[in-house]
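Undergrad: Below is the structure I would like to discuss, written out as structure tokens.
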Amino acid sequence: MSINRNLLNIIIILCVCLNLGCNEGAQEREIDDSHTIQVSSLFPASSSSCVLSPRASTTKSSLHVTHRHGTCSRLNNGKATSPDHVEILRLDQARVNSIHSKLSKKLTTNHVSQSQSTDLPAKDGSTLGSGNYIVTVGLGTPKNDLSLIFDTGSDLTWTQCQPCVRTCYDQKEPIFNPSKSTSYYNVSCSSAACGSLSSATGNAGSCSASNCIYGIQYGDQSFSVGFLAKDKFTLTSSDVFDGVYFGCGENNQGLFTGVAGLLGLGRDKLSFPSQTATAYNKIFSYCLPSSASYTGHLTFGSAGISRSVKFTPISTITDGTSFYGLNIVAITVGGQKLPIPSTVFSTPGALIDSGTVITRLPPKAYAALRSSFKAKMSKYPTTSGVSILDTCFDLSGFKTVTIPKVAFSFSGGAVVELGSKGIFYAFKISQVCLAFAGNSDDSNAAIFGNVQQQTLEVVYDGAGGRVGFAPNGCS
């Protein structure tokens, strides 16, 4: 019996040494404070199949989350598209710049009109960043299914509407026609909702024949202008809401690439969670899929939330904004706490954002993370950086890679260990980069981005003033 056990141990050791999975199809091994993964798992599979999230399939208030470039997206007809990574990172930086500007209260309230876009000049891009993650929502009666980017950093939900008075960008689905919805109506410019636009969009509402006009402008000058309206929103067959405020945009421009608009999940009273608070108590959760051939979920209400969720209070840095603030207290790499003074995090503060791709850290915190990570990856050759990412490795010739685990500690005792997919951003096998970047200034807030959130269950409890995390959120 002992001989058989010894023989089994030898076989296990040989499997590891030869980079073979002892279980067929195994993608990852965990040894102490590191992940060992197949290098091939860092890149999209060539499969045209789509694996649906069980949570979204079985929970009544849950929507499937798809990656906009993936096989599961309605925008791609079952075929994955190749993202332009350099453009994604450029747009990501534009979004980050806009967030930092909002937090520093440099944005002033503007006034908009339906006939002109002079207050909202059009340039390429969008503060939506790359708008990686999409859900499908029904609008109107009868309902029109529309693909919307969901965004925790925005409040007003909007979609393109007919007629396009000035310009509309190309979208995959038919543009919503409000004249064909029996439940649609415009909102008066004397209404309280119209008066709330300045806090939700940064632009005060204006009037056109007594109807309220909204305008929302993103950090690099993309925009949507149109009527503030109310209509029926259908999440699932059992979760239908009458009279939801949204923007019916008749003048829209930017690189929104096929989607119909945006679902605003911020903290303002015009956000979707606030408008559905009687049903869901401002609670929603999501899991972002790590693979473009899988769906995640966006779930409203507390149904199905994991019992293992650890919560951290929403910080005060984001009071008066759409954002959900966090207090980072420590970062560990390979089980070792980085020597970062607490004031490095507490002075600028931090927030979590579904639309920022790459996590941003204060310069001193990023320098400590980069130094520790590179030291623990010394067996792998380094290579040139790309855009905002400056720590990259050439994994050519390696079948597996062993990555030090990275964990964030937040106030209240929540410790979030990143999944193996939440550490790297892979361009090609010879250029796999650490998926973090440093802010340009010590006073700029840290941002916990969506690469690091992949596969986690992230819970937003607006009423309870807290954000929670749990592992394996998509399974």
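Start at 1 and count along the chain as shown; that gives each residue its number.
Glycine residues also receive a Cβ, built from the backbone N, Cα and C atoms like all the rest.
No curator has checked TrEMBL annotations; they are predicted automatically.
Under the heading signal peptide, TrEMBL lists 1-25. The annotation domain 'Peptidase A1' is assigned in TrEMBL to 133-470. Residues or ranges marked as active site by TrEMBL: Asp151, Asp353.
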Undergrad: Measuring Cα to Cα, tell me the gap between Asp151 (active site) and Asp353 (active site) in whole angstrom.
TA: 8
Undergrad: Restricting to the chain of Asp353 (active site) and a gap of 6 or more, list residues whose Cβ falls under 8 Å of its Cβ, or answer none.
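TA: In sequence order, the residues whose Cβ lies under 8 Å from that of Asp353 (active site) (at least 6 apart) are Ile99, Thr152, Gly153, Phe323, Tyr324, Ile447, Phe448, Gly449, Asn450.
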Undergrad: With every protein chain in view, how many other Cβ atoms are within 10 Å of the Cβ of Asp151 (active site)?
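TA: Its Cβ shell of radius 10 Å holds 24 other Cβ atoms.
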